[in-house]
Amino acid sequence: MWPFSNTFEAIASSKRAARDKGLASAQIFSEATHGEITKATASEIVKRIGEGQWTASQVLEAFIARASLAQKTTNCVTEVLFETARAEARALDEEFSRTKQLTGPLHGVPASFKDHIEIAGVDATSGYSKWANQPCSKDAMIVTLYRSMGAIPFIKTNVPQNMALSFECSNPVWGRTLNPWSAKYTCGGSSGGEAALLAMDGAAIGTGSDVGGSLRIPASYSGIYSLRPTAGRVSMEGVRDLEPGFEGIKTTAGPMARSIEEIEVISRGILGLPSAYCDIPVTPWKDIELPQRLRFGYYTDDGFIRTSPACKRAVLETVKALEGQGHECIEFQIPGPASKHLEIFVGITSADGYKTLEAHTGNDPKESNLFLATLGPKLPGFIRSFGLWLLKYVIGDPASVPIVAASRPKTVKDYWEWTAKRDDYRKLFFDEVWTKLQLDGIIAPVQAMPSIPHGGCAHLSPLAEATILYNVLNYPTGVVPVTRVDPAKDQLNEEWQHLHGAKAVESMLYGGRNPTYDPDAMKGIPVGVQVAGKPWEDEKVVGMMGVVDGALGRRGFGPGSWVPSKFVR
């Protein structure tokens, strides 16, 4: 190709055409033909296959049809693996016909994967044109584990450009993914394509990854379940790393699903099972028995960015439901300065000025969503100093000053010092929360917002601090959907007229004539809560997610909850 041509456009066009060609083999989704299957949980699918009522091939075709509908609605799909998936389904059916034995707990269950998880035979572009047309030679370890349980990988899903720094879902290769409930809002990120597909029953189960909230933010925005395991419990071999060698804040892969039962089934099959060279400790799933009466700590506001009425209500409704089941819930405050965890995250992740991460962009146009997150290291010293002065004395936002100050390139010595600050903060949090309060788990907002309009991340990236807290701490943390934005319950009142933390961000969220938070426009968008536990207690967190889910009762989430009439265009 001529060296001066705009190659990213040609590559993007070619990749999208290949995707659309693959999708063309899908049947048109029919509620009568496919609906019963796509509304079934993974466990129900396996049960029905085992009883001879369905075949793996029938199940796959139903989800292929639904995935095609999800793609037309939200643009969530990247790579299409339908032909290899069909061959795998036929092989499973032939094996079952011969032996009458299921291959595992996910026999015949169609599974989707975030785009940067490597699957043999297809690309893992991660939204970069320079990584296109380079099919992976083998499966990631986590894909191998899914296959060993009988699951069928059949599709991959969209991510944002430079996904460690954005919680939207847009890139120059694949375009923008929409929220499955409202076209004007983002589905979240970086595992946004997964969340949108699963929310629409376009896959039975899925897998994403998380370094700052990427499993949890899209799960809450889209109304599904997810688990960010303790980093070190899931093998990352074959999960494409955008910053090889960076271990200050570790990325971890984890399950995304439409029910807590599916989260548990997947977790049993992937936690603590390393690759051949033992890239993680051998810590397989262990069955535990939860106390009959659990002791939860909770907060509705972390003190840095005030939580919106809808997201605050989600926490309080969860607390009320738990107390109604006899569990104890104690309100507490995050220890230390409210912005300390975000300061540490920014201090560590900006150590190279984000040069490694941004180098992958090549000649691709840079997404506007990355503006604020990547601005700090680019500022000359005198401009930075003046900006910090303005932020503190003119804007009146001293809480944000340490974060902006931390966003700069570091020496090796600086980096070590920031890592030591991370460890000190982990000890402080453990002593002040777990030791003093003697908690089993924590209930917290996923974010201050139910979702944000497309492009909002350009100026609202600090919102991710609510999930970043648990990345800095490295706590296993899940998301359970709780409610939906209700204009009758979730309007702003006087409480939100008094800014108390990151005033520059809060004023955009709640101030002026057109605040970002708009419960009328957001009507129907899901809102979840985080359920966090101590490091390495992933099994307990999954159990507590089940307790929360059971306490809340039926509330319109799970397989079959999405219908076209609920999508706001």
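Count begins at 1; order follows the chain as displayed.
Glycine too: its Cβ is placed from the backbone N, Cα and C atoms.
Look at TrEMBL and you will find 59-541 tagged as domain 'Amidase'.
Annotated active site, charge relay system per TrEMBL: K114 (among others), in sequence order. Within 10 Å of the C-beta of K114 (active site, charge relay system) there are 29 other C-beta atoms, taking all protein chains into account.
Under a cutoff of 8 A between CB atoms, and with a sequence separation of 6+ in the same chain, the neighbours of V211 (substrate binding site) are A164, I249, K250, T251, T252, N471. According to TrEMBL, the substrate binding site annotation covers M163, S190, V211, G212, G213, S214.
For S190 (substrate binding site), the same-chain residues that are 6 or more apart in sequence and have a Cβ closer than 8 Å to its Cβ are K114, V159, P160, M163, A164, S166, F167, C169, G208, S209, S214, P218. According to TrEMBL, the active site, charge relay system annotation covers S190 (among others).
Around S214 (substrate binding site), a 10 Å sphere centred on its CB holds 33 further CB atoms from the protein chains shown. DSSP assigns S214 (substrate binding site) to coil in the three-state reduction, placing it in neither a helix nor a strand. Under the heading active site, acyl-ester intermediate, TrEMBL lists S214.
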Helix, strand or coil at M163 (substrate binding site) [DSSP, three-state]: helix
Chain-mates of M163, S190, V211, G212, G213, S214 with C-beta within 8 Å of site centroid, substrate: A164, S166, F167, G189, S191, S209, D210, L215, I217, T251, A464
Assigned element (helix, strand, coil) containing S190 (substrate binding site), judged by DSSP: coil
Annotated substrate contacts M163, S190, V211, G212, G213, S214, maximal Cα-Cα distance (Å, integer): 11
